[in-house]
Structures are given as structure tokens and as C-alpha cells.
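Engineer: I'd like to ask some things about the structure below.
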């Protein structure tokens with residue numbers, strides 16, 4: 001018989017135990033095309049699933065029958081069955097609870113059929129089952145938890161099935177490593193890289209079966225150029241720089257409505273950046289503005305509201321474009337990139353109650369972005385400008401000194417860095433041409449990857465949960481989310497953001513609260529969109 005193996009041989013020996021016994025079943029208890037003995041029956045040929053067997057029947061074999069499907073409770077009238085065999089039949093699906101009521105069944109052989117699908121609860125209730133064979137069928141995958149509750153299994157035969165050895169077999173590999181049973185698995189039929197490899201030789205640790213998805217959650221009206229998260233008195237907040245609304249808008253989480261709501265508004269016409277800084281009970285917000293001068297707001301204590309504290313370097317900051325926070329010699333400082341010809345990028349450090357200029361940097365270069373990073377254990381500052389390649393400064397003797405520039409990086413609008421595996425990586429945004437990913441190699445950044453990015457103003461890395469992501473925002477196409485593949489040290493496409501479509505995105509930030517993770521996308525020509533981060537189990 002085709003597909004005959006060790007399990008099937010045991011079955012035939014058991015089924016034959018009653019052959020030759022002088023017993024004639026009562027009239028109507030042994031259907032046509034079936035051979036019956038004292039407590040066993042062998043049915044062969046074209047017939048439907050018999051319903052007229054004795055309830056004391058112990059073994060039943062169905063060979064090349066006309067059975068087309070196994071529905072729930074198909075054997076409810078045969079509760080005494082110990083052995084059940086299906087060979088060379090034509091059914092392709094086994095439904096939930098197909099073997100309900102067979103609590104004494106020990107041997108179940110479903111071999112050489114055309115089964116392509118089996119429901120996850122098909123074997124439910126078989127608490128005495130010791131031998132199971134699904135060999136030589138058309139099964140590409142088995143549902144998770146198929147063997148749940150089958151604590152007595154000692155032998156399982158899955159050979160001869162075209163298993164697709166992707167994330168869907170991960171649970172099976174994990175189950176095989178823990179179960180006290182002999183399992184025959186056969187070879188993989190796919191994917192191509194694993195074709196003909198024995199399933200039992202696969203390493204579950206090499207499977208990457210955790211996915212993520214960003215889905216739309218909420219819209220915040222009014223356009224924004226910047227978005228920054230911060231924590232104050234143990235509560236998370238988000239602040240948006242909204243130039244057309246003329247304000248820095250602070251958002252808080254509404255635990256009742258399960259949404260973000262406005263908490264406080266700071267008047268800041270033509271604002272381009274709202275940078276929060278928390279020092280104990282004090283909260284500062286730097287509002288960098290194109291016109292009217294940049295300002296520093298302060299909240300002395302939690303029971304007070306934010307109020308203007310001082311004007312910031314009115315003669316140096318003529319057209320600010322970006323602001324960042326850094327700590328130098330244990331003192332908090334702001335660095336503001338200025339994009340005007342007459343102004344200059346300025347370092348402002350705390351002195352008494354306010355922040356005052358400590359150093360002018362990169363005058364006349366029309367800086368568009370400042371990025372603060374630590375290299376070789378020392379503070380560094382990277383400035384991108386419209387007039388030259390990005391320039392890297394390091395902190396030496398109480399001031400920033402030029403260290404190097406980044407080769408082959410013309411027309412870089414902004415830079416953002418991230419760390420992974422002990423290395424420092426850099427995302428460089430280019431509006432025309434390809435954006436780039438670079439890695440620090442001791443004395444300079446070297447190119448790792450280029451990504452097409454026509455119309456991009458932001459290429460921002462974000463560490464969300466365990467995933468190092470990077471979002472490439474575009475004015476002309478969908479914004480694309482990438483994920484770092486650590487083994488390759490390359491960013492791989494993950495998903496597009498939308499709908500709704502982001503209109504001219506300029507900044508991204510994430511925040512974690514109440515056990516949930518959110519991504520904010522600030523857009524210059526449309527409302528700010530909020531997405532929720534979901535983890536997906538691809539082996540389910």
C-alpha cells in the first residue's frame with residue numbers, strides 16, 4: 001500500500017487482530033463495501049462515511065472511499081474506537097472537532113489523502129491518542145496549537161507533506177523541541193532557500209517572525225514643522241511647533257477618552273522649533289522663530305503655567321531653522337542652527353536664571369540643521385548647511401572646534417544619528433538625489449547605503465520598542481518606514497505611512513504611554529498625524 005510506514009504497519013497488525021473470528025454483525029450493522037469482524041471494520045470503495053456501525057466497534061479503516069469531508073462529530077456514534085485509519089481518500093479538509101467523542105482513540109492514521117487544510121481544533125478531545133500520522137498529504141502548514149491537549153502522544157508522522165518552512169512552522173519547531181514524542185517531519189518544499197532541507201534540522205532561533213505595523217490613530221489639526229516628546233513630573237507630553245497657528249502646542253494624554261488633547265498653548269508667531277528642557281521642577285521651552293526674535297519660556301514649578309523668560313541672542317539668531325539640547329561640562333545648553341547669511345549658528349548655555357550665547361559657530365554658511373552626538377566618548381556637533389558639506393565639530397577646551405567634514409555628501413538638508421550594536425550610524429536627508437546612511441569608523445563617516453528620496457526634508461531614525469526604524473518623509477510620494485536588519489546593517493523597507501497621506505512631513509517623534517506606543521508625524525502643509533505601533537506575531 002502506498003505510503004506504508006512503521007505507524008501504518010502497527011495499524012494493520014491491530015486491525016487484523018479480529019480477522020477470522022466467527023462473528024456475524026447484526027443486520028444493518030456492517031454497510032455494503034465493508035468487511036466486518038468482531039470489533040473491527042474495513043471499508044473500501046465508493047461510499048459515504050458509514051453511520052450504522054456498532055457503538056462497540058474498536059477499529060475502523062476507510063480505504064479509497066467516497067468520503068469528501070470530515071465534519072464536526074463525524075464519529076460521535078462510535079465512542080469505543082481505539083484505531084481509525086483513512087488511506088487514499090479524496091477529502092481535503094478536516095474541520096474542528098471532527099473526532100469529538102473519541103476519548104478512547106489511541107491510533108489515528110490519515111495518510112495518502114489530499115488534505116490541504118486542517119482546522120486548529122480538529123484533534124480536540126483525543127486525550128488518549130498515542131500515535132498520529134498525517135503522512136503523504138498536501139499540507140503546507142499546520143495550525144498553531146493543533147496538538148494542544150494531546151499529552152499522551154508518543155509517535156507523530158508528518159512526512160510526505162510539502163511544508164512551507166517559513167514563520168508558520170516556527171511553532172512546530174518549538175513544539176518538537178519540548179515534546180516527549182518521536183516526530184517524523186520530512187523535507188521543506190519552500191521557500192527556495194530551504195527546499196529539500198529536513199524540517200527537523202531547522203534552527204528556530206534563525207526565524208524572524210516578529211513583525212510591526214503602524215496604523216493611523218488620531219489627527220491633530222493645524223500644520224507643524226517640529227514635534228518633540230518630553231516627560232515632566234512623571235507624565236509624558238508632546239510639543240508641536242505650529243507656525244501658521246503661531247504657537248507651541250503641548251499635548252497630553254487623556255486617560256478617560258484615550259486620546260491626545262491640548263494641554264497648553266505658547267504664543268510663538270512664525271515658530272520653527274519648540275524645544276523642551278526639564279531641569280528638576282523647572283520646565284523650559286525654547287521657541288525658535290523666523291520673525292520677532294526667539295524666546296525662552298519657563299515654568300518654575302508644576303503649579304504654574306509657562307511664561308516668557310527672555311529673548312535669545314536677537315543679533316545672532318536671525319533665521320533659526322533647528323534647535324537641539326546638549327550637556328557640556330555638566331551644564332545644559334541649546335544649539336540653534338541659523339540659516340541666514342547675516343546670522344550665525346549659536347551655542348547658548350545656562351548662566352544664572354537664563355541661557356546666554358557662549359559661542360558662535362559656522363558664520364555665513366546658512367545652516368539648516370544641527371545634530372548633537374557622542375563619538376569616542378566626547379561631545380560632537382554636526383552642522384548641515386546649504387553652502388557646503390556637513391561639518392563635524394568636537395568639544396575641546398571649552399569650545400567646539402572643527403574636526404572634519406563628511407565626504408561625498410553635498411546638498412544635505414538635515415542629519416540624524418542612531419546607535420546599534422555599539423556603532424554610530426547617520427541618516428542624511430537630501431531633497432535632491434539620494435538620502436544616505438553612514439557609519440562612524442573611528443575618524444570619519446563612511447557610506448553604507450543610499451535610498452531614493454526626491455522631495456525629502458526628513459530622514460529620521462527612531463527606536464520604538466526593540467525595532468530600530470527610520471522614516472523617510474517625502475513631499476512628492478508616500479513616506480516610507482524602514483527597519484534596520486542588524487545582520488546586514490542595512491535599512492529594509494517595512495511599510496508606507498498612510499492613509500491618510502502625509503502632506504509635506506517635516507519631523508517624526510514617538511512616545512510611549514499606558515503600555516502603548518505612538519508615532520507623531522508633523523506636516524508643513526497638512527495636519528499632524530498620529531500612528532499607533534503594533535507588534536505582530538508572523539508565526540500565528
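In case you wondered, yes, glycine gets a Cβ from its N, Cα and C as well.
Heads up, here are the entries from TrEMBL:
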type   : residues : note
SIGNAL : 1-22     : signal peptide
DOMAIN : 161-210  : domain 'LRRCT'
REPEAT : 213-255  : repeat 'EAR'
REPEAT : 259-301  : repeat 'EAR'
REPEAT : 354-397  : repeat 'EAR'
REPEAT : 399-442  : repeat 'EAR'
REPEAT : 444-486  : repeat 'EAR'
REPEAT : 490-535  : repeat 'EAR'
Engineer: Against which stretches of its own chain does the repeat 'EAR' (399-442) lie, if we need a Cβ under 8 Å and a gap of at least six residues from its ends?
Structural biologist: 322, 347, 358-359, 361, 368-369, 371, 373, 375-376, 380-382, 384, 388-393, 448-461, 463, 468, 470, 472, 484, 486, 489-491
Engineer: Against which stretches of its own chain does the repeat 'EAR' (213-255) lie, if we need a Cβ under 8 Å and a gap of at least six residues from its ends?
Structural biologist: 261-276, 278, 281, 283, 285, 287, 290, 297, 302, 481, 495, 497-500, 506-514, 518-534, 536
Engineer: Would you mind splitting the repeat 'EAR' (399-442) into helix, strand and coil residue counts from DSSP?
Structural biologist: 0 helix, 31 strand, 13 coil
Engineer: So, by DSSP, how many helix, strand and coil residues make up the repeat 'EAR' (490-535)?
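Structural biologist: When I sort the residues of the repeat 'EAR' (490-535) into the three classes, I find 0 helix, 32 strand, 14 coil.
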Engineer: When you scan the chain for residues with a C-beta under 8 Å from the repeat 'EAR' (259-301), skipping those not six or more beyond its ends, what do you find?
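Structural biologist: Contacts with the repeat 'EAR' (259-301): 218, 220, 225-226, 228, 230-233, 237-243, 246-253, 307-314, 317, 319-325, 332, 334, 336, 354-355, 530.
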